[in-house]
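Presented below is the structure to which this report refers.
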Amino acid sequence: MFIDSHCHLDFPQFENLPRLIDSCLGVGVTDFLVPGTTEESWHRIIQMAKLHPQIRIALGLHPYFLDDKLSLDSCLEQLECHLMEVPTVAVGEIGLDKWSGMPNYSLQYEVLIEQLKLAKKWKLPVIFHSRKSEDDLLKALRIVNFEYGGVVHAFNGSYEQAKRFIDQGFVLGIGGTITYPRAQKARRVLKSLTDQDFVLETDAPDMPLCGHQGQPNSPLRVRDVAQQVSILREQPVGLVAQYTSANLKRVLPNWHRV
Ligand SMILES: [Zn+2]
């Protein structure tokens, strides 16, 4: 059975969620982790989790969607209220995005640090978004002295960076990137990891798999990610599904409590 550890099922591409979840269950994709992105998203995904027991959620402010007009204090207060009242498995999706089109890196960093402090206060793991910012995220973990681990979603760093996250109690999110033959570095890193080091994800509706460019991605395709992992690591796909699911539940101890 497969878990999609990262999909944005609250995005408008998924207008018929009950039908999508049914299709997923039909092919063995049984559970989903939906991370928050903006303050407005939190209410949506909290409601979604109430309706669908297959959905676990994380709440947080995604660096890509940060608004310069954000009133950070009231937002953090709201986030903390939700963390107290709503069953969540992590604080996320939080992190840093160093893509050239992102102008507000210092604001991203400030928001990241505050959310890491909140996660630490509530003893919750985090879901990291990282684009060309792995070393800065590792630095932030040290500054906050954060020790609850979590998932580095869509990991695309080096083996050395992977090791440093793993040493801090993280697993790496492996998604559609590895389905592209040109993704040599990501494939090499995947092959050098142990079975305990990673989880499967799609990042749907983003990050389409090879052969599906231009279409919205779907949690149905987490099976194709598993299939590619199975080929690259020369392991049966059932085994990959089994250990990646166990890894996710290990780093997110609230998984069974919510
Ligand atoms: Zn995401």
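In case you wondered, yes, glycine gets a Cβ from its N, Cα and C as well.
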One of Glu80, Glu85, Glu93 listed by TrEMBL as binding divalent metal cation 1 at the site of His6, His8, Asp203: Glu93
Output field, divalent metal cation 1 shell: CB within 8 Å of site CB centroid, site His6, His8, Glu93, Asp203 dropped: Cys7, Val34, Pro35, Ile127, His129, His153, Ala154, Glu201, Ala204, Asp206
Mapped DSSP class for His129 (divalent metal cation 2 binding site), helix or strand or coil: strand
Inter-residue Cα distance where the pair is His153 (divalent metal cation 2 binding site) and His6 (divalent metal cation 1 binding site), in Å: 7
Distance [Cα-Cα, Å, rounded] between His153 (divalent metal cation 2 binding site) and Asp203 (divalent metal cation 1 binding site): 8
